[in-house]
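*Asks:* Right, I'll just put the structure down here and ask away after.
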Amino acid sequence: MDAGVPAYRRRREMATATSGAGRCRLSKVGAGRRPPPARVRVAVRLRPFVDGTAGENDTPCVRGLDSCSLEIANWRNHQETLKYQFDAFYGERSSQQDIYAGSVQPILRHLLEGQNASVLAYGPTGAGKTHTMLGSPEQPGVIPRALMDLLQLTREEGAEGRPWALSVTMSYLEIYQEKVLDLLEPSSGDLVIREDCRGNILIPGLTQKPITSFADFERHFLPASRNRTVGATRLNQRSSRSHAVLLVKVDQRERLAPFRQREGKLYLIDLAGSEDNRRTGNKGLRLKESGAINSSLFVLGKVVDALNQGLPRVPYRDSKLTRLLQDSLGGSAHSILIANIAPERRFYLDTVSALNFAARSKEVINRPFTNESLQLHVLAPVKLSQKELLGPSEAKRARGSEEEEIGSPEPPAAPASASQKLSPLQKLSSMDPAMLERLLSLDRLLGSQGSQGTPLLSTPRRERMVLMKTVEEKDLEIERLKMKQKELEAKVLAQEAADPKEKENYSPTMLRPLARRTVTVAKPLKKAVVMPLQLIQEQAASPNAEIHILKKKGRKRKLESLDASEPEEKAEDCWELQISPELLAHGRQKILDLLNEGSARDLRSLQRIGQKKAQLIVGWRELHGPFSQVEDLERVEGISGKQMESFLKANILGLAAGQRCGPS
Ligand code: ADP
Ligand code: MG
């Protein structure tokens, strides 16, 4: 009997378990490929009897069948056994290297693709979780082996001359009684777990130490491990009372355009024991601890069940552990669960429950994706690249105290020609950021249009050719713009020289190039020069009046407006103005001056001259030279001879009123 696994799932598992997907070696990966959904992989490790754990006449209750399956006695029916099948089964004689190479090493490569990976050790206290994850100096476990390989891989992939610069950081935390504690900075207290807009789980304030060598890692990890909360129970002399989470982040920054950045997270988790609280003999604080541990593992079980059943709500938030593992279970990580089991009969019930949990976990489907974005400050990494372009000794000087702090070893020396090969980078670094941004968007556009799958700028040779061509075009465009700017500035200066007054009134937005535009607060309009009837009558009544107004009642006349396209006919009282010849001549001259020297804005102060007409006048003046008389206006398109008389009168009246009212 194959316990807890339906037949249709068993068939599927047989196919996947024998595919050998987990046996490949660490290798360089192709960028940008989006892998298909990945099932959580589950391995079971059976530890041997260890000194002091075996009772007299103790025989193992679990037996391995092959590299993927095992059987355990069925306590309900002694005639049969319960059979389980997993992605891998590691028996009592398996070595640390077997487990690492078979189940952990294959997922590390995804970190360099900007994807997440998780390794979780699950099982009852004393079953070998810490041995599997940490091991001993003689038998190092998953953590030291993974760190060693990952650092080696990032050194190779991030070496000078390679397209990506890589950096590795580590954080180490424990979840103890539903508190997230920073083991690298124990004084930080309980930290909060958050989720960013892209669904990434993060812990603000968690210490991150850069590491470039295994010695760096040990320097931070070993003292932090001593900070772990451990206690003694009857089951295990050094029982872990907390979930220990080592987080290793691999950050990649592309050295050339389009300057992508990727982040891959690796969680290495040594879970606290899944044993039944009643059998540990725990009391007081230990009982409380056990309760907290088991409740978070209980939620872990609920999360796995919700994912398997496709429930709309997955209770990740019900415990700190599951919230942190949200990425790893049903999330974006390539995950491997190592269920540790013990052979002793007294572990029987805990072993069955661990195996059942493991069987449910292997049905969980994750959807790993590449965490990729564009580097926010595109120029910063270019500067970094420049630093890296220096020779090894110069680079060391440039790194200075930063390197001393982390005590990293000398990176492998680059070939002498590396800096020459990458010389176009130096040009890019001095490029105008706006232009660089346009180049990047051009690249993105071409990338989105091309169906080749390979972005235009992804190969150095083509990239350089395209960049050079685009830079040339942009240079030409800049030259053209500069010439135009000079022309415009010369024009402005000439105009200002011709009339200093114009300088004040001249609208800078008219001719000056875009870059020099300034935003000005709108000034209040000058006082309107259209006089109310009452004022006109008062003026007419004044003894020195130069203007006489005659009222002609009930006459039908055409109202003409310079701005109106169609004259309209109205029967109404009409007013006829009689203006003294002196005022008329004076007014004419003033209008003429305005026509010849006024800006478009000045011209708009004339009655019946709107924006459009003002611009026409300015344009006409530029083409034909100054107006010799006001009547020349008739030659400006749209101002007919008929309108001239009323135009003159209205404006002479307006100017006279403006004088009387004083400067506005
Ligand atoms: P857990 O972390 O699950 O509580 P440990 O890793 O502390 O369990 O293991 C309990 C004991 O069993 C330790 O003394 C450990 O050295 C030993 N042990 C566990 N697994 C193995 C193994 N595969 N081979 C040899 N000894 C092991
Ligand atoms: Mg342990």
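Every residue gets a Cβ built from N, Cα and C, even glycine.
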*Asks:* Can you identify, from 23-50, 191-218, 471-498, the stretch that TrEMBL calls coiled coil?
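*Replies:* In TrEMBL, residues 471-498 carry the label coiled coil.
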*Asks:* If we count other C-beta atoms within 10 Å, could you say which of the binding-site residues G123, P124, G126, G128 has the fewest?
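*Replies:* So among G123, P124, G126, G128, the binding-site residues given, the one with the fewest Cβ atoms within 10 Å is G128.
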*Asks:* Measuring Cβ to any atom of ligand 2 with a strict under-6 Å cutoff, which of the binding-site residues P124, T125, G128, K129, T130 qualify?
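*Replies:* Near the molecule: K129, T130.
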*Asks:* When you measure from the Cβ of K129 (ATP binding site), how many other Cβ atoms are you left with inside 10 Å?
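*Replies:* K129 (ATP binding site) is surrounded by 28 other Cβ atoms within 10 Å.
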